[in-house]
């Protein structure tokens, strides 16, 4: 290969300069070689360039996949540019970026579909268990214990990579675990008292808590559209609560406390986990284990083994062996849906995650109404729709 270069001897090497078709229309591809390049490919092929390389012409390039005739000469004329401009080359380059973006979108779509499906299944089995066994503190403890056991087995069998943690990691994780524990128990208490759909309608108001806490406790300010998006969220939740046929104050307050706790969980996560090289899956596993240690003594104090034993016997006599399957299913699916959600957060922006969380609530509300035949008045459905729409508008305005 011969190369003609002005100012200094240089030969261009671009790995993607392939599939240039004879007689194909010329396409202007813009390349940028802004870093120093140095390559050697045989006695007649050397490259040394300290400045951006500008291609002035290419002659005789053929497809690298086909066989080149002997004695054919490929000539590349180039010179080093004085400033960092993109390089113009009359070469067709395969659009690797487009294919990579499509694969990423497919991966995120699979994550979202799996996340929503697992969450729907968890809520169904969780409500079945709570209807027959109204002990939300033990139910919450079993969910965390099952997830912790699953991850310990995964680490021991090398199915999942064991996270590298230190004392500082667990210190920063502790306030996150406290908030997660409170939010988890409060949501379970809520679902033990009211319909699943009602709990999730109230929990769709979490963005309002996020803005209010950030504004009054952290001193953060937001654009006007963010504040305006809170109007339909608060109004929709209030309308849904007022028109709820099976309204229960304990259930309502449980959902509200859960909203507040998860807001603090998110704040502590952002502040404490910056720079920690722990994957989303392992991060949630560590969070579950620490939450389990925090929750267990409180669950024993509030409900106690005697109440659990009596309730368990009653549930088995009413439901039969299927009750054990329900408990196992709600515990496993609770961990799986949270794990997938944290894995999704590794791949997407917080805005996309927020939108996905909103759509998740829609799927849970609709599916629970259908499966449990929850009576819904038109005005109640309107309130739910307004609240969810407000949540979506919030995610857009926050961006």
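The first residue you see is number 1, and the count goes up from there.
Glycine residues also receive a Cβ, built from the backbone N, Cα and C atoms like all the rest.
Values in this document were obtained by computation on a predicted structure and should not be read as measured data.
Summarised as a single figure, the pLDDT of the domain 'Sugar phosphate transporter' (106-395) averages 88. Taken from TrEMBL, the feature domain 'Sugar phosphate transporter' covers 106-395.
As annotated by TrEMBL, transmembrane segment applies to 108-125 (among others).
Annotation comment: TrEMBL describes 137-156 (among others) as transmembrane segment. Long-range neighbours of the transmembrane segment (137-156) within the same chain, counting only residues 6 or more positions beyond its ends whose Cβ lies under 8 Å from a Cβ of the stretch, are 126, 129-130, 162, 184-185, 188-189, 192, 282, 285, 288-289, 291-292, 295-296, 298-299, 302-303, 308, 327-328, 330-332, 334-335, 338-339.
For the transmembrane segment (224-243), the list of distant contacts is 198, 201-202, 204-205, 207-208, 211, 252, 377, 379-380, 382-391, 393-394, 396-398: same-chain residues at least six beyond its ends, Cβ to Cβ under 8 Å. Annotated transmembrane segment per TrEMBL: 224-243 (among others), in sequence order.
Annotation source TrEMBL lists transmembrane segment at 249-268 (among others). Cβ atoms under 8 Å from those of the transmembrane segment (249-268) belong to residues 175-176, 179-180, 182-184, 186-194, 198-199, 202-203, 205-206, 209-210, 213-214, 218, 241 of the same chain, restricted to positions at least 6 beyond its ends.
Residues or ranges marked as transmembrane segment in TrEMBL: 280-302 (among others).
Proximity of distant same-chain residues to the transmembrane segment (322-338), defined by a Cβ-Cβ separation under 8 Å and at least 6 residues beyond the stretch ends, is recorded for 115, 118-119, 121-122, 125-126, 128-129, 132-133, 139, 142-143, 145-147, 150-151, 284, 288, 315-316. For 322-338 (among others), the entry in TrEMBL reads transmembrane segment.
Here TrEMBL flags 378-395 (among others) as transmembrane segment.
Same-chain residues lying 6+ beyond the ends of the transmembrane segment (108-125) with a Cβ under 8 Å from its Cβ atoms: 191, 196, 200, 326, 329-330, 333-334, 336-337, 340-341, 343-344, 347-348, 352, 356, 359-360, 363-364, 367-368, 371.
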